[in-house]
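Student: One structure is given below, represented as structure tokens, and several questions about it will come after.
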């Protein structure tokens, strides 16, 4: 019986609609499809391709997309159908897929064949579902395996089962229909939008809208004025029938429409593009006011050109993007295929992977032209692989009548590396590709085949499009210059798009290397070590790689490819050990087994693929033409940077010459001043006599002036009325004249340079102008102050100030809501402007880019431009006020400009001082790990880098960079060994760590574990690149290079002798270099360039001016004459070693009109010996030697002998820079001394506490004392060397200091390994000491200051708040001032006694303090001006609070409310009972077995409710219960016992002693309490037959232990403890104390011994607990509070007595006399020194003289 439902689909139970529903749906769909087809053909016939506007829009774009790519979708659907399921039917799909893959895209045959075959196959599968079970075709039936192999599968029941079975067929049908529709859409396109080539793309993806060309022109002509600048095209639309595509003759360029309408004629290009540019320039240049603003107008021109270029780039950017999308596979098809082949290689993991790898090698090695010829064979190979592997996966057909299913093999291919021993044959077939058991491998084969076919189709087309053809043809002619070449000359016209393009081309290599570096640290193996090595080395060779491109960079690509091959080969089942746990040699190398299929999750493979991808992109970038432009840009920039560096150094040296000349002039004036002071000593004494004789008259006049209130009211202040008119007329002028002549010369020497004063005046003027708008009342105050004291101050200005303030307040109240943001931005801009002014930043030097960017942004909101008085531009106001939005925008742009200026300033500062950053990281690297490898950085820093002059060379930085790379790689290799092998033994581990090789496993990031090394590497890399870019300065040849003939290559003996001679020269050169290095350390050396400044007198200027070449020739003749006058040997002219110079610059002198200054550079320096050849020149001061020769020629009149054109006035050599760094060195050493004094014991004990230097029997540890004494005496020795200017001693001291601290720091670093706190203190000390050593090295480098220059003190050189505070601290440190004065007096040559020396130093110090007070406080104060709130706060309130703290702090410390208090419980208790007789004390009972309970333990016993304990904290109360039996046996000799019994007959008592042990206070941890009781009676217990003592009032029940360690009976308590003391006799005897009834003793339970309740007071912790808690409150007040109070009283008492010596109107003259004393001492004029000293003593002895010398000029 036939089932109607099964075979016909008829359900009798369904309704009528249900029966017709499926048929109706099919009929409706067919009718809709027929209607759509009719409409399409009708529209196609009626349009004829004329109306193309219907093909624009998103829907049309989707249609064109399917026209281009529907064939690919059809291939993917066919492959999916072939894989579901795999069988004969799927193989047919695969054959049709391979056959149709290379057919033209316009062919209908693939769709028709696939749709027909799919229809037949679907029908067959449907019949199989109906009849298969009856025909024995289902699985587990007779013919089931054969049908299954053929490709038939049984569907699941229901709709979803049917959907799953026919899913692949439906996708094929849908793809065929989509392909058919796409071909229909292609026919509807106009002929101009179609391509007629067989293998060309059917159409273009993007089609532009047709529009007028002159609209495009007008969109980008904001600056055009006339209508004549429009385009030459007058038609509204393109001519009918013409193509909107430009005709191209470039071969291989596919026509694209991804650009607007363009005109290809050159006439149109010349008529449009230049016109726009010239009009823009003319618009700017016509508005230019004059030639004075050329730079500003040139910026405007550049801005206009940049804006025009930016607009053109925006227009062409979309064109370029569309071009890339359309030609993406044509441009990057090879690279995409390489990635897909690489992906397929890691997906299949068999021998075919090596075939794909071979194809990758061909792609990398062959040229694109040859690769194009080979590619068809690659496609054939990939298709053959796909077909064969598919057949192998499908396997052979089973028998027709076999009922069993196909048996699957137990072993799988992806587990063969572990199951190779069990089934080697099967695994061998898997590796050879004969067996395929994973469908994902077939997918990988198909992906490789598909992309190879796409590349072949691209190759078959006419050619490949590239960027050059794009620029030449695709872009409109008017926009071709938008992406012109990247050149250094046109940098000002770059937009941000150009900068982005330049950044990508230049720095993509850095991104690649950074990615390689990061991926190289993911795993610890040898292969990743190679990646890390490549990254480090390539970072160092970055500039060479950019120049050579793929010749060096290709090694990374080869290494990556070799690793890929090794990974693929390692997948063979023959290799690897399945039982290894990460310790095998393959794991150490980095080879791992991978998973089959498309799930590539291995980290190693992801790294390899990523690196391959980025390296591939970088290689492509290297081959572009734009990168060649970048290289030319870098060459020009490097050349310009070298020139700027040379010019900057020459300017610096010239400025140093000017400073040396000024210094020589000051020295000469100082010598003249000393001579003048010697001559005027008599006049000074006469002045003192006159002042003393007229003192009484002066005093009377002053007293009368004070008694006359009218005079005081007139002047307003006393010091203004004191004038020289009080002196007799006969002596007034002479006295003032002599005094001023005595001091004016000195004051003139101390004047600042004129330029600095002018800059200061300008700064003050700018500040005043800045404050005019903010506070107009300040001008009124200044005017009132500038007038005299009293009458000029009046009320109207104050009223005016008040009214102006009220008006401004009203205005502010109105505008506060609307202009709040603008006000904040204005304040921020003013702050930024003030900061830039403080840092002396020239905003014009910040670069034109920021200025142009700001101007470009401002131009968008401007309506017209006009010039102001200062040459700037402002917006022309059409209304009364500028709009609020414009003001906000202007303020924001101004803020951005200031921030950019600050950023550039900070960047340039760091860049110019990157060597200091390197030095800092060198020191940090050594402090991070005190090892031998890290010690190299410290040694190179302190023995070479900081000592060499002018600084380390490029070879040094390169050597340190290579050493850092080796160090990093060594640590990485060590981690590789540790991760894959056993850890070293303890002894080896210790020595490896000391060498610098860590032995611990790094779990976290490798970079984080060696971060100091990477910081060193990064800083050194930057410094090396900067040094290589700036170039080395030309060194002076010390010996003329002689031409050596090349060794003959015919004789090996000559070659051997030649090379031996070269080796000997190298050894001699090394020895000479070491000798020069040592001499340079001791005597110093000059820094290049070696300049000599010569002043010449020019009476009459030549007609043709002063020619530098002629002057250079004349100077060389002069130097030759000097040499010939010394060397009389008969030699050839070329054998004489004559000094050679060249002229750097010639300029007129600023001091003398008839003088010129010539700056000469020493090129070659001759030896000072008699003749050449006798000695090699080893001069360290070439400029000084050349200057000596020129001066000698002047002295020996050789200048006139050789007819030198101009007389030589003076010769100044560019010597060393005079630097005095002793004050900074002393500060660092003093800080290190205090650090050791405070934290030494914390370092030794590795404790976070400080000031914990323990005392052993009242003594300090000897190591602590020796360390402090060593540091102290090193400071003393350094001071002595500084005072003596002993260069050799300084070098020896430096080396000794370096060796001493280097050894001990390394020793303690090894000793403190693992102790973090101790290492932190050690590193802090090393950092401070390293700074001191660095300053000492710089001092040796620049040379010690001469003894004659040590007449000035560091802190008193200028008056400032910082100097004043530091000087106060220096004076406040105990013994520091006295020790310095005594040591200076002992080491200096002077005529003063030590006591006089101390007087002079005290006078000078007090004068400096008075001067600081006058300059910093009183000079700015106006008469009648009230003191500010901040002055009152710091000087008044803070001082008051300090005094209050001193008074009340001790009481707070010793109170229970001390916030630093913490509980100090009793930790241990000992109780002892002794018998006190007339013969002494005898110990009876002793126990330490006491149980201590806290207050929480007493809660149940009711002790917490005791009224005596209510006022105490629960944590401070403890209950002590002791054992009744003693812890010691009663062992007494009989004679002693008899003596004891005899003594008891008389009076005796019992003494109870309690010993309490606590943690604090220090040195008072033990607290004792003793109580004696006389209430003792003897008793006898008949029950136990024992005799004992009954003791009453043995000890109190309540104790209080104070914070200082004393024990008292608790106040308010009277309870005592009594008991019976008895002797327990037996084989061993001991004493027993059994207490009687006592309150609160129930908590002790069975412990019936001594009993007590104690209250232990809290003690302060930290520093207070360690120091102050040791003293009592009385001793603390006596020693501290009263002493401080007495000191403050001494400072405040008798202030009136110090008025004559502190309230000086001016103390400049007295300070000048003191400095003259120092100058006379430095010059060796001891008589003058002593005379001036007694002069200042006489001034201080005479009040009238002191009054005259402290007047205001």
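Glycine is treated like the rest: Cβ placed from N, Cα and C.
These figures come from a predicted structure and were not determined experimentally.
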Student: Looking at the candidate ranges 1197-1220, 1221-1244, 1293-1316, 1317-1340, report the one that TrEMBL labels transmembrane segment.
Tutor: 1221-1244
Student: Checking feature assignment: transmembrane segment per TrEMBL, candidates 47-72, 73-98. Which range matches?
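Tutor: From TrEMBL, the annotated transmembrane segment range turns out to be 73-98.
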Student: Have a look at 1653-1670, 1671-1688, 1689-1706 and point to the one annotated transmembrane segment in TrEMBL.
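Tutor: It is 1671-1688 that TrEMBL annotates as transmembrane segment.
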Student: So what's the average pLDDT for the domain 'Piezo non-specific cation channel cap' (1504-1751)?
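Tutor: In the predicted model, the domain 'Piezo non-specific cation channel cap' (1504-1751) has a mean pLDDT of 81.
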Student: Counting Cβ pairs under 8 Å that are 6 or more apart in sequence, does the total for the transmembrane segment (995-1019) and the transmembrane segment (916-944) reach three or more?
Tutor: yes
Student: Determine which residues of the chain contact the transmembrane segment (338-362) at the Cβ level, with the cut-off under 8 Å and only residues 6 or more beyond its ends counted.
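Tutor: For the transmembrane segment (338-362), the list is 371, 374, 378, 381, 385, 389, 413-414, 430-433, 440-441, 443-445, 447-448, 451, 561, 564-565, 567-569, 571, 594, 596-598, 600, 605, 609, 612-613, 616.
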Student: Which residue counts does DSSP yield for the domain 'Piezo transmembrane helical unit' (912-1033) in the helix, strand and coil classes, in that order?
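Tutor: Across the domain 'Piezo transmembrane helical unit' (912-1033), DSSP assigns the residues as follows: 90 helix, 0 strand, 32 coil.
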Student: Between the transmembrane segment (526-541) and the stretches 73-98, 374-393, 553-574, 916-944, work out which stretch tops the count of Cβ pairs under 8 Å.
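Tutor: That would be 553-574.
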Student: Are there at least 3 C-beta pairs under 8 angstroms linking the transmembrane segment (553-574) and the transmembrane segment (374-393), leaving out pairs fewer than 6 apart in sequence?
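Tutor: Touching, no - the transmembrane segment (374-393) and the transmembrane segment (553-574) miss the threshold of 3 or more Cβ pairs under 8 Å.
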Student: So if I exclude everything within five residues of the ends of the transmembrane segment (73-98), which remaining residues of that chain have a CB under 8 angstroms from its CBs? That is, six or more out.
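Tutor: Residues 66, 110-111, 113-114, 117-118, 121, 148-153, 167-169, 171-172, 174-176, 178-179, 383, 386-387, 390-391, 393-394, 439, 442-443, 446, 449-450.
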